[in-house]
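These notes concern the structure reproduced below.
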Amino acid sequence: MTIVHRRLALAIGDPHGIGPEIALKALRQLSANERSLIKVYGPWSALEQAAQICQMESLLQDLIHEEAGSLAQPAQWGEITPQAGLSTVQSATAAIRACENGEVDAVIACPHHETAIHRAGIAFSGYPSLLANVLGMNEDQVFLMLVGAGLRIVHVTLHESVRSALERLSPQLVVNAVQAAVQTCTLLGVPKPQVAVFGINPHASEGQLFGLEDSQITAPAVETLRKCGLAVDGPMGADMVLAQRKHDLYVAMLHDQGHIPIKLLAPNGASALSIGGRVVLSSVGHGSAMDIAGRGVADSTALLRTIALLGAQPG
């Protein structure tokens, strides 16, 4: 079955992680015609080494590739280095620029390693922040949405301490996240999603018994969203609403509220979309797996599902 109908840019992520390997493994499962719609961004040397490890050298012959990101040869599998962090950002940035310029229709980026990127001296809290910075947008306009196991969960905050997240949460930030996620759901074939907003505190604060945060932040956001004509329930306790599984879209206030259910139900099959920007970008719902990099045992299921998700014919 053909799964790729649109032009895609595929950045290989951290070249010392499993990105080069899963990129090649996913591409191997596509037809030649489908591969012709995908341009790969990243150091060629890392792809060559991954191909040798996985005995896929012949795949490189018809690979459409653009060199992006410097890397010492050979790749240091599993090593967390500033050079690999810089390469990650360079390859993803080149792919985003290609999409912004109309050369491709969407961007897929393999896993990054945040420590490597920070060691390169680059402020980074995930692909959503990178997308916002490359596009010149405010980071409060771009969010992460995980898709997997029948769930769609947008995160209002992401890679920051709980203290920082609580200081940054506001009704407007929640509204921004939901509006971006509803637009994305339309692109994914769910035009009028039923939305559930998680509470910040347990039991959505239990009528202020556990704090004022939900009455001050999530409840006003829900009221605003309803006035915009959206079908929104909440705020509700995340545990209760996830157990019911009655909604099309869930809104997590904190990182673990959204990541735990997705990684429990779809550990190797989730997509991680950066939403709210004028470029469609997705990564996968797992990390760079430095502990198994360069061994040829990485699972490309999540990447292949992400390719299918973004490669589908629009409309």
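Backbone N, Cα and C atoms are what each Cβ position is placed from, and that goes for glycine too.
Here is what Swiss-Prot says about this protein:
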BINDING   HIS159, HIS203, HIS255  divalent metal cation binding site
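Swiss-Prot feature annotations superimposed on the structure.
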residue: HIS159; record: divalent metal cation binding site; DSSP (3 states): coil
residue: HIS203; record: divalent metal cation binding site; DSSP (3 states): helix
residue: HIS255; record: divalent metal cation binding site; DSSP (3 states): helix
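In this view, the densest Cβ surroundings among the binding-site residues HIS159, HIS203, HIS255 belong to HIS255, judged by other Cβ atoms lying within 10 Å.
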